[in-house]
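S.K.: Please see the structure below; I have some questions.
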Amino acid sequence: MNKETLILAIETSCDETSVSVIKNGNSILSNIVLSQIESHKRFGGVVPEVASRHHVEGITTTIEEALTTANISMNDIDAIAVTQGPGLIGALLIGINAAKALAFAYDKPLIPVHHIAGHIYANHLEEPLTFPLITLIVSGGHTELVYMKSHMHFEVIGETRDDAVGEAYDKVARTIDLPYPGGPQIDKLAQYGKDTYDFPRVWLEKESYDFSFSGLKSSVINKLHNLRQKNEEVVKEDVATSFQNSVVDVLSTKAINACKAYKVNRLIVAGGVASNKGLRYRLQQLCEDNNIHLSIPSPKLCTDNAAMIGAAAYYYYQSGITAKLDLNGENNMDIEEATIEV
(Lines of atoms letter the chains of each structure in order from A and count residues from 1; the text may use other names and numbers.)
(Lines give C-alpha, C1' and ligand atoms only; values in the text may rest on other atoms or scores of the structure.)
Protein backbone atom coordinates (compact mmCIF):
# COMPACT_ATOMS: atom_id res chain seq x y z
CA MET A 1 0.00 0.00 0.00
CA ASN A 2 1.21 3.51 -0.79
CA LYS A 3 2.66 5.59 1.99
CA GLU A 4 -0.07 8.12 1.25
CA THR A 5 -3.53 6.88 0.30
CA LEU A 6 -5.70 9.33 -1.61
CA ILE A 7 -9.41 8.59 -1.88
CA LEU A 8 -11.91 10.53 -3.97
CA ALA A 9 -15.25 10.31 -2.17
CA ILE A 10 -18.73 11.10 -3.49
CA GLU A 11 -21.87 11.72 -1.39
CA THR A 12 -25.34 12.21 -2.94
CA SER A 13 -27.67 10.38 -0.54
CA CYS A 14 -30.13 13.25 -0.05
CA ASP A 15 -29.96 16.96 -0.89
CA GLU A 16 -26.24 17.75 -0.88
CA THR A 17 -23.93 17.06 -3.80
CA SER A 18 -20.51 16.61 -2.24
CA VAL A 19 -17.10 15.43 -3.42
CA SER A 20 -13.95 15.25 -1.31
CA VAL A 21 -10.35 14.14 -1.49
CA ILE A 22 -9.12 12.48 1.70
CA LYS A 23 -5.52 11.54 2.52
CA ASN A 24 -4.85 8.55 4.80
CA GLY A 25 -8.40 8.54 6.13
CA ASN A 26 -8.09 11.65 8.28
CA SER A 27 -6.72 14.57 6.29
CA ILE A 28 -9.11 16.68 4.19
CA LEU A 29 -7.50 17.97 1.00
CA SER A 30 -10.84 19.19 -0.33
CA ASN A 31 -14.50 18.91 0.65
CA ILE A 32 -16.89 20.57 -1.79
CA VAL A 33 -20.57 20.69 -0.84
CA LEU A 34 -23.40 22.00 -3.02
CA SER A 35 -26.47 22.56 -0.86
CA GLN A 36 -30.02 22.39 -2.21
CA ILE A 37 -31.78 23.92 0.81
CA GLU A 38 -33.09 26.94 -1.08
CA SER A 39 -34.63 24.73 -3.78
CA HIS A 40 -36.47 22.55 -1.27
CA LYS A 41 -37.48 25.31 1.15
CA ARG A 42 -40.66 26.24 -0.72
CA PHE A 43 -41.84 22.62 -0.49
CA GLY A 44 -41.18 22.39 3.26
CA GLY A 45 -38.94 19.35 2.80
CA VAL A 46 -36.78 17.43 0.36
CA VAL A 47 -38.48 16.50 -2.92
CA PRO A 48 -36.68 13.39 -4.28
CA GLU A 49 -37.06 14.25 -7.97
CA VAL A 50 -35.82 17.80 -7.44
CA ALA A 51 -32.85 16.48 -5.45
CA SER A 52 -31.91 14.04 -8.23
CA ARG A 53 -32.07 16.75 -10.89
CA HIS A 54 -29.75 19.00 -8.88
CA HIS A 55 -27.28 16.12 -8.40
CA VAL A 56 -27.22 15.54 -12.17
CA GLU A 57 -26.57 19.24 -12.77
CA GLY A 58 -23.81 19.55 -10.18
CA ILE A 59 -21.91 16.27 -9.93
CA THR A 60 -19.39 16.81 -12.75
CA THR A 61 -18.34 20.32 -11.74
CA THR A 62 -18.17 19.27 -8.07
CA ILE A 63 -15.76 16.44 -8.93
CA GLU A 64 -13.62 18.84 -10.94
CA GLU A 65 -13.59 21.42 -8.14
CA ALA A 66 -12.63 18.81 -5.53
CA LEU A 67 -9.64 17.69 -7.60
CA THR A 68 -8.59 21.27 -8.37
CA THR A 69 -8.84 22.34 -4.72
CA ALA A 70 -6.76 19.32 -3.66
CA ASN A 71 -4.24 20.18 -6.41
CA ILE A 72 -4.20 16.63 -7.77
CA SER A 73 -5.40 14.72 -10.85
CA MET A 74 -7.35 11.48 -11.17
CA ASN A 75 -4.07 9.68 -11.81
CA ASP A 76 -3.02 10.48 -8.22
CA ILE A 77 -6.15 8.90 -6.74
CA ASP A 78 -5.88 5.40 -5.23
CA ALA A 79 -9.59 4.59 -4.98
CA ILE A 80 -13.08 5.95 -5.60
CA ALA A 81 -15.54 5.85 -2.68
CA VAL A 82 -19.26 6.49 -2.87
CA THR A 83 -22.28 6.37 -0.58
CA GLN A 84 -24.25 3.21 -1.40
CA GLY A 85 -27.07 3.90 1.07
CA PRO A 86 -29.25 4.45 2.91
CA GLY A 87 -30.83 7.43 1.21
CA LEU A 88 -33.07 8.54 -1.63
CA ILE A 89 -32.54 5.93 -4.33
CA GLY A 90 -32.63 8.38 -7.23
CA ALA A 91 -30.13 10.67 -5.53
CA LEU A 92 -27.86 7.78 -4.57
CA LEU A 93 -27.71 6.50 -8.14
CA ILE A 94 -26.36 9.82 -9.45
CA GLY A 95 -23.32 9.55 -7.19
CA ILE A 96 -22.92 5.80 -7.71
CA ASN A 97 -23.00 6.07 -11.50
CA ALA A 98 -20.47 8.90 -11.42
CA ALA A 99 -18.20 6.84 -9.16
CA LYS A 100 -18.52 3.75 -11.38
CA ALA A 101 -17.69 5.80 -14.47
CA LEU A 102 -14.54 7.16 -12.82
CA ALA A 103 -13.52 3.74 -11.50
CA PHE A 104 -13.90 2.22 -14.97
CA ALA A 105 -12.26 5.06 -16.89
CA TYR A 106 -9.22 5.31 -14.61
CA ASP A 107 -9.03 1.65 -13.50
CA LYS A 108 -9.45 2.47 -9.81
CA PRO A 109 -10.98 0.34 -7.02
CA LEU A 110 -14.61 1.21 -6.20
CA ILE A 111 -15.49 1.35 -2.49
CA PRO A 112 -19.15 1.35 -1.32
CA VAL A 113 -19.74 3.17 1.97
CA HIS A 114 -22.67 3.13 4.39
CA HIS A 115 -23.94 6.68 4.87
CA ILE A 116 -24.19 6.38 8.67
CA ALA A 117 -20.70 4.87 8.90
CA GLY A 118 -19.61 8.05 7.18
CA HIS A 119 -21.32 10.20 9.80
CA ILE A 120 -19.56 8.24 12.54
CA TYR A 121 -16.17 8.68 10.89
CA ALA A 122 -16.66 12.43 10.57
CA ASN A 123 -15.35 12.38 14.14
CA HIS A 124 -12.14 10.69 12.96
CA LEU A 125 -11.37 13.67 10.73
CA GLU A 126 -10.86 15.86 13.81
CA GLU A 127 -9.78 13.42 16.51
CA PRO A 128 -8.59 9.79 16.23
CA LEU A 129 -11.16 7.25 17.35
CA THR A 130 -10.15 5.13 20.34
CA PHE A 131 -11.99 1.97 21.30
CA PRO A 132 -14.24 0.73 22.72
CA LEU A 133 -16.78 3.52 22.38
CA ILE A 134 -20.49 4.31 22.16
CA THR A 135 -21.87 6.29 19.22
CA LEU A 136 -25.08 8.31 19.44
CA ILE A 137 -26.45 8.69 15.91
CA VAL A 138 -28.95 11.54 15.52
CA SER A 139 -30.22 12.59 12.10
CA GLY A 140 -33.33 13.13 10.02
CA GLY A 141 -33.67 9.44 9.28
CA HIS A 142 -31.82 7.69 12.10
CA THR A 143 -31.63 7.66 15.88
CA GLU A 144 -29.44 4.86 17.23
CA LEU A 145 -26.94 3.92 19.90
CA VAL A 146 -24.09 1.84 18.51
CA TYR A 147 -21.31 0.00 20.35
CA MET A 148 -17.94 -0.14 18.58
CA LYS A 149 -15.13 -2.37 19.85
CA SER A 150 -12.83 -1.54 16.91
CA HIS A 151 -12.71 0.27 13.58
CA MET A 152 -15.70 -0.53 11.37
CA HIS A 153 -17.37 -2.77 13.96
CA PHE A 154 -20.98 -1.70 14.51
CA GLU A 155 -23.34 -3.26 17.05
CA VAL A 156 -26.73 -1.56 17.41
CA ILE A 157 -27.80 -1.54 21.06
CA GLY A 158 -30.68 0.92 20.74
CA GLU A 159 -32.76 2.54 18.01
CA THR A 160 -35.92 4.53 17.48
CA ARG A 161 -39.14 2.56 17.35
CA ASP A 162 -40.93 5.22 15.32
CA ASP A 163 -39.79 8.72 14.32
CA ALA A 164 -36.14 9.65 14.02
CA VAL A 165 -35.22 12.65 16.14
CA GLY A 166 -34.58 14.90 13.14
CA GLU A 167 -37.95 13.96 11.69
CA ALA A 168 -39.65 14.93 14.97
CA TYR A 169 -37.85 18.29 14.92
CA ASP A 170 -39.01 19.04 11.39
CA LYS A 171 -42.64 18.09 12.10
CA VAL A 172 -42.81 20.20 15.26
CA ALA A 173 -41.17 23.10 13.40
CA ARG A 174 -43.86 22.99 10.72
CA THR A 175 -46.54 22.97 13.43
CA ILE A 176 -45.29 26.31 14.77
CA ASP A 177 -44.79 27.70 11.24
CA LEU A 178 -40.99 27.71 11.19
CA PRO A 179 -39.20 27.62 7.82
CA TYR A 180 -37.40 24.55 6.46
CA PRO A 181 -35.10 23.10 7.68
CA GLY A 182 -36.89 23.18 11.01
CA GLY A 183 -34.31 21.59 13.31
CA PRO A 184 -31.86 24.51 13.39
CA GLN A 185 -34.78 26.94 13.77
CA ILE A 186 -36.06 25.16 16.89
CA ASP A 187 -32.55 25.01 18.33
CA LYS A 188 -32.18 28.76 17.79
CA LEU A 189 -35.54 29.63 19.37
CA ALA A 190 -34.91 27.27 22.30
CA GLN A 191 -32.10 29.52 23.49
CA TYR A 192 -34.63 32.27 24.27
CA GLY A 193 -37.67 30.41 25.59
CA LYS A 194 -38.86 28.95 28.89
CA ASP A 195 -39.60 25.31 29.70
CA THR A 196 -43.29 26.13 30.13
CA TYR A 197 -44.97 23.06 28.69
CA ASP A 198 -44.78 19.66 30.34
CA PHE A 199 -44.05 17.52 27.30
CA PRO A 200 -43.39 13.81 27.94
CA ARG A 201 -40.01 12.13 28.17
CA VAL A 202 -40.40 8.62 26.79
CA TRP A 203 -38.02 6.18 28.52
CA LEU A 204 -39.65 2.89 27.44
CA GLU A 205 -38.67 -0.27 29.36
CA LYS A 206 -36.15 -0.17 32.17
CA GLU A 207 -32.58 -0.45 30.86
CA SER A 208 -33.80 -0.07 27.26
CA TYR A 209 -31.64 1.99 24.93
CA ASP A 210 -34.42 2.34 22.35
CA PHE A 211 -36.09 5.66 21.59
CA SER A 212 -39.61 6.83 20.77
CA PHE A 213 -40.52 10.33 19.63
CA SER A 214 -43.98 9.88 18.08
CA GLY A 215 -45.73 10.40 21.43
CA LEU A 216 -43.77 13.57 22.11
CA LYS A 217 -44.52 14.86 18.63
CA SER A 218 -48.24 14.16 19.09
CA SER A 219 -48.21 15.83 22.50
CA VAL A 220 -46.78 19.02 21.02
CA ILE A 221 -49.26 19.02 18.13
CA ASN A 222 -52.22 18.42 20.45
CA LYS A 223 -51.09 21.12 22.87
CA LEU A 224 -50.81 23.68 20.09
CA HIS A 225 -54.20 22.66 18.70
CA ASN A 226 -55.82 23.17 22.11
CA LEU A 227 -54.18 26.56 22.60
CA ARG A 228 -55.34 27.76 19.20
CA GLN A 229 -58.86 26.44 19.77
CA LYS A 230 -59.01 28.57 22.91
CA ASN A 231 -57.44 31.56 21.12
CA GLU A 232 -54.58 31.48 23.61
CA GLU A 233 -51.16 32.79 22.68
CA VAL A 234 -48.62 30.29 21.35
CA VAL A 235 -45.14 31.38 22.40
CA LYS A 236 -42.92 29.70 19.83
CA GLU A 237 -39.80 30.13 21.92
CA ASP A 238 -41.42 28.32 24.87
CA VAL A 239 -42.66 25.50 22.64
CA ALA A 240 -39.17 25.12 21.17
CA THR A 241 -37.50 25.11 24.59
CA SER A 242 -39.95 22.64 26.12
CA PHE A 243 -39.77 20.29 23.14
CA GLN A 244 -35.98 20.43 22.87
CA ASN A 245 -35.46 19.86 26.59
CA SER A 246 -37.57 16.72 26.39
CA VAL A 247 -35.60 15.39 23.42
CA VAL A 248 -32.20 16.28 24.83
CA ASP A 249 -32.94 14.74 28.24
CA VAL A 250 -33.79 11.37 26.71
CA LEU A 251 -30.95 11.31 24.16
CA SER A 252 -28.25 12.35 26.60
CA THR A 253 -29.41 10.18 29.51
CA LYS A 254 -29.63 7.03 27.41
CA ALA A 255 -26.22 7.72 25.83
CA ILE A 256 -24.56 8.11 29.22
CA ASN A 257 -26.33 5.03 30.59
CA ALA A 258 -25.08 3.02 27.61
CA CYS A 259 -21.50 4.14 28.27
CA LYS A 260 -21.79 3.00 31.88
CA ALA A 261 -23.42 -0.34 31.02
CA TYR A 262 -20.80 -1.17 28.39
CA LYS A 263 -17.97 0.15 30.56
CA VAL A 264 -16.60 2.60 28.02
CA ASN A 265 -15.29 6.11 28.63
CA ARG A 266 -15.62 7.42 25.08
CA LEU A 267 -18.81 8.80 23.54
CA ILE A 268 -19.05 10.18 20.02
CA VAL A 269 -22.04 11.83 18.37
CA ALA A 270 -22.85 11.61 14.66
CA GLY A 271 -25.44 12.98 12.25
CA GLY A 272 -27.01 16.31 11.37
CA VAL A 273 -28.69 16.78 14.76
CA ALA A 274 -25.22 16.55 16.37
CA SER A 275 -24.86 20.25 15.49
CA ASN A 276 -27.74 21.07 17.87
CA LYS A 277 -26.37 23.45 20.52
CA GLY A 278 -28.75 22.27 23.24
CA LEU A 279 -27.72 18.64 22.78
CA ARG A 280 -24.02 19.47 22.61
CA TYR A 281 -24.16 21.52 25.81
CA ARG A 282 -26.09 18.88 27.76
CA LEU A 283 -23.79 16.06 26.67
CA GLN A 284 -20.73 18.10 27.59
CA GLN A 285 -22.13 18.59 31.09
CA LEU A 286 -23.01 14.94 31.62
CA CYS A 287 -19.75 13.64 30.16
CA GLU A 288 -17.72 15.92 32.43
CA ASP A 289 -19.71 14.73 35.45
CA ASN A 290 -19.14 11.07 34.52
CA ASN A 291 -15.52 11.25 33.30
CA ILE A 292 -16.49 10.29 29.76
CA HIS A 293 -14.52 11.67 26.81
CA LEU A 294 -16.94 13.32 24.36
CA SER A 295 -16.31 13.87 20.65
CA ILE A 296 -18.69 15.79 18.38
CA PRO A 297 -17.66 16.96 14.89
CA SER A 298 -17.65 20.60 13.91
CA PRO A 299 -21.10 21.63 12.62
CA LYS A 300 -19.87 21.67 9.01
CA LEU A 301 -18.95 17.97 9.33
CA CYS A 302 -22.20 17.00 11.07
CA THR A 303 -24.32 17.55 7.97
CA ASP A 304 -23.92 15.41 4.84
CA ASN A 305 -20.51 15.73 3.19
CA ALA A 306 -18.13 13.55 1.21
CA ALA A 307 -15.15 13.94 3.55
CA MET A 308 -16.83 11.66 6.09
CA ILE A 309 -17.42 9.08 3.33
CA GLY A 310 -13.73 9.18 2.44
CA ALA A 311 -12.74 8.76 6.08
CA ALA A 312 -14.81 5.58 6.42
CA ALA A 313 -13.73 4.32 2.99
CA TYR A 314 -10.09 4.31 4.06
CA TYR A 315 -10.71 1.36 6.38
CA TYR A 316 -12.53 -0.59 3.68
CA TYR A 317 -9.60 0.10 1.37
CA GLN A 318 -7.13 -1.15 3.96
CA SER A 319 -9.18 -4.33 4.30
CA GLY A 320 -9.34 -4.88 0.55
CA ILE A 321 -13.12 -4.44 0.38
CA THR A 322 -14.25 -3.20 -3.02
CA ALA A 323 -17.35 -3.39 -5.21
CA LYS A 324 -17.94 -4.51 -8.78
CA LEU A 325 -19.13 -2.11 -11.44
CA ASP A 326 -22.69 -3.41 -11.13
CA LEU A 327 -22.96 -1.74 -7.70
CA ASN A 328 -26.49 -0.54 -6.98
CA GLY A 329 -27.94 1.88 -4.44
CA GLU A 330 -29.86 0.81 -1.34
CA ASN A 331 -32.50 3.07 0.18
CA ASN A 332 -32.51 1.03 3.41
CA MET A 333 -29.36 -0.39 5.00
CA ASP A 334 -28.69 -1.49 8.56
CA ILE A 335 -25.48 -0.01 9.98
CA GLU A 336 -24.44 -3.49 11.14
CA GLU A 337 -24.16 -4.45 7.44
CA ALA A 338 -21.19 -2.07 7.26
CA THR A 339 -19.17 -4.09 9.80
CA ILE A 340 -15.81 -5.43 8.65
CA GLU A 341 -15.42 -8.94 10.04
CA VAL A 342 -11.93 -9.45 11.44
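Here, residue 1 is simply the first one shown, and the rest follow in order.
Positions of Cβ are set from backbone N, Cα and C atoms, glycine also.
Below, the features straight out of Swiss-Prot:
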BINDING   His115, His119, Asp304  Fe cation binding site
BINDING   Ile137, Val138, Ser139, Gly140, Gly141, Asp170, Gly183, Asp187, Asn276  substrate binding site
S.K.: Relative to the Cβ of His115 (Fe cation binding site), which residues of the same chain, six or more apart in sequence, are found under 8 Å away?
M.R.: Glu11, Ser13, Thr83, Gln84, Gly85, Pro86, Gly87, Asp304, Ile309, Met333
S.K.: Roughly how many Å lie between the Cα atoms of Ile137 (substrate binding site) and His119 (Fe cation binding site), rounded to a whole value?
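M.R.: Counting only the Cα atoms, the answer is 8 Å.
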S.K.: For the recorded Fe cation site, enumerate neighbouring residues of the same chain (Cβ within 8 Å of the Cβ centroid of His115, His119, Asp304, site residues themselves excluded), in sequence order.
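M.R.: In sequence order, the nearby non-listed residues are Glu11, Ser13, Thr83, Ile116, Gly118, Ser139, Gly271, Gly272, Asn305, Met308, Ile309.
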S.K.: Around Ser139 (substrate binding site), which residues of its chain at least 6 apart sit with Cβ under 8 Å of its Cβ?
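M.R.: The answer is Ile116, His119, Ala164, Val165, Gly166, Ala270, Gly271, Gly272, Val273.
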S.K.: For Ile137 (substrate binding site), name the DSSP secondary structure in the helix/strand/coil scheme.
M.R.: strand
S.K.: Secondary structure at Asn276 (substrate binding site) (DSSP, helix/strand/coil)?
M.R.: coil
S.K.: Given the binding-site residues Gly141, Gly183, and counting only Cβ atoms in the protein chains shown, which has the most within 10 Å of its Cβ?
M.R.: Gly183
S.K.: Give me the largest Cα to Cα distance among Ile137, Val138, Ser139, Gly140, Gly141, Asp170, Gly183, Asp187, Asn276, the residues the record lists as binding substrate, in Å as a whole number.
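M.R.: Farthest Cα pair among residues binding substrate: 18 Å.
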S.K.: Specify the count of other C-beta atoms within 10 Å of the C-beta of Ile137 (substrate binding site).
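M.R.: Other Cβ atoms found within 10 Å: 27.
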